[in-house]
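Everything on this sheet refers to the single structure shown next.
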Amino acid sequence: MEINNTSPSISADLEPGNFRLVVVWALRTLDKSDFFSPSGLRAPEYAHFSEADRLGMLEASKNMFQYGYDNYMKYAFPEDELDPIHCTGRGPDHDKPDNININDVLGGYSLTLVESLGTLAVMGNSSEFKRAVQLVIDHVSFNKNSTVQVFEATIRVLGGLLSAHLMIIDPQQKLGNMTLPDYDNELLEMAHDLASRLLPAFSNTATGIPFPRVSLDKGVPWNSINETCTSGAGTLVLEFGVLSRLLNDPVYEAVSRRAVNNLWRLRSNVTGLLGNIVNIQTGEWSGPMSGLGAGIDSFFEYLLKAYILFGDASDLKKFNESYETIKFHMRRGRPQCNYGTGNIPLYVNVNMKTGETVNTWIDALQAAWSAVQVLNGDLEEAICSHALYYAIWRRYSALPERYNWQLKAPDVRFYPLRPELVESTYFLYRATKNPFYLHVGRDILESIDAHTKEKCGYCTIHDVHTKELEDRMESFFLSETCKYLYLVRDGQPS
């Protein structure tokens with residue numbers, strides 16, 4: 001999406017020096033000492049990124065993806081994920097059905113391969129893309145006794161299948177020749193099958209807001225809870241909407257939009273905010289915390305992206321109202337991003353009914369908010385939002401799952417190779433063409449390579465202080481983190 005913003009203050013902020021000053025502010029917000037050497041960010045080399053460096057880092061990001069992908073295919077396929085220390089595959093935990101950390105995501109459907117299809121195409125590896133598509137067609141089935149989270153199955157598996165299908169049938173083939181000679185819409189049929197198995201989640205709810213989980217072969221489990229998070233219920237429109245249009249069947253988009261509209265009706269009549277956990281039968285909020293992190297983050301993202309993709313003005317209206325409400329109730333810090341006194345702006349977690357701050361932490365998923373702000377054309381705010389998270393990254397060479405902004409220390413210390421900060425770095429580089437963000441991308445890539453690379457892949461960091469590792473490479477590392485690391489430098493430097 002092209003950003004057209006001629007505001008004088010925005011234009012001034014695009015000067016390379018101002019980007020560095022924002023990050024210096026963020027570093028000093030975290031620690032008043034010079035431990036991070038913020039003056040190093042003023043070095044002249046941050047204003048430039050040579051073509052040789054760009055090509056070198058482009059190759060490094062491809063190599064990172066290839067190392068993880070090749071090891072997944074060698075040691076884990078057709079399982080869902082790779083355990084990179086013990087070089088083995090990981091699937092659903094059938095012995096412990098309540099292990100939702102595993103079972104919400106892993107459904108026994110070769111998750112990492114399905115999610116990696118798009119990255120293979122984006123990196124131009126047409127031969128492996130075609131081979132991988134055929135493997136998915138031949139080996140992946142959804143007729144399984146697996147109970148999965150509707151949200152995760154939608155954004156990861158349904159989205160992966162639909163994206164690859166669209167790349168195959170694209171008449172322009174902008175990514176290279178991704179066509180398969182004998183392709184007969186098999187991925188679309190698989191997506192249809194999966195979505196049909198997710199549909200029971202929308203039945204028998206008094207609000208039209210879906211149950212959080214379904215069994216792929218039996219529907220909603222008999223002991224399903226009646227609570228779901230706002231993201232889980234309200235972040236389905238893109239995938240369900242695309243499927244409806246490809247099938248010429250309005251059902252899938254209709255149920256996903258009904259969930260969004262009914263969530264919207266439940267927002268506070270005092271603040272206009274939504275909470276993060278709702279009862280799907282009563283419509284009451286059991287989780288009144290409102291923020292931009294886990295449980296609610298992607299609800300706002302999908303409102304804006306749904307408008308961009310489908311052009312429905314009601315989506316934009318909801319987003320614009322949400323954006324103003326968020327800035328009014330959640331934003332703390334100095335009024336302007338790049339000048340004035342006070343701390344760098346920060347979006348905090350608040351009570352949806354009062355707007356009062358409810359805790360002193362932010363989480364890693366909130367790092368994607370900068371990308372949403374870029375899409376909305378609010379570059380000055382995006383720069384500040386991103387700078388704070390990059391400052392945290394510089395402290396730990398990783399992004400802790402939760403960071404306490406009052407104590408200036410992690411509340412939750414693990415980093416599972418999440419993509420959100422890289423995604424925002426990519427969006428800011430595309431919007432500004434400022435080479436500073438190429439340096440940020442390289443810093444992130446080198447940190448991941450230095451601290452998480454193991455014998456058979458890349459590991460979750462268990463503790464950002466000690467860099468102790470966990471034996472798990474989540475599928476989104478290849479499908480998103482590596483992809484955005486590649487894309488952030490896939491273009492000519494300014």
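Every residue gets a Cβ built from N, Cα and C, even glycine.
Annotations in TrEMBL come from automatic prediction, not curation.
Sequence annotations record features per position, and here TrEMBL assigns active site, proton donor to E152, E401. According to TrEMBL, the feature active site maps to D297, E420.
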**Prompt:** How many other Cβ atoms are found within 10 Å of the Cβ atom of D297 (active site), counting all protein chains shown?
**Reply:** 24
**Cα-to-Cα gap, E401 (active site, proton donor) vs E420 (active site), nearest whole Å** = 11
**Asked** Rounded to the nearest angstrom, how far is the Cα of D297 (active site) from the Cα of E420 (active site)?
**Response** 11
**Prompt:** By a simple count, how many Cβ atoms lie within 10 Å of the Cβ of E401 (active site, proton donor), its own Cβ left out?
**Reply:** 21
**Fewest other C-beta atoms within 10 angstroms, as judged across E152, E420, which are the active-site residues** = E152
**Fill in**
Rounding to whole Å, the Cα atoms of D297 (active site) and E152 (active site, proton donor) are apart by 14
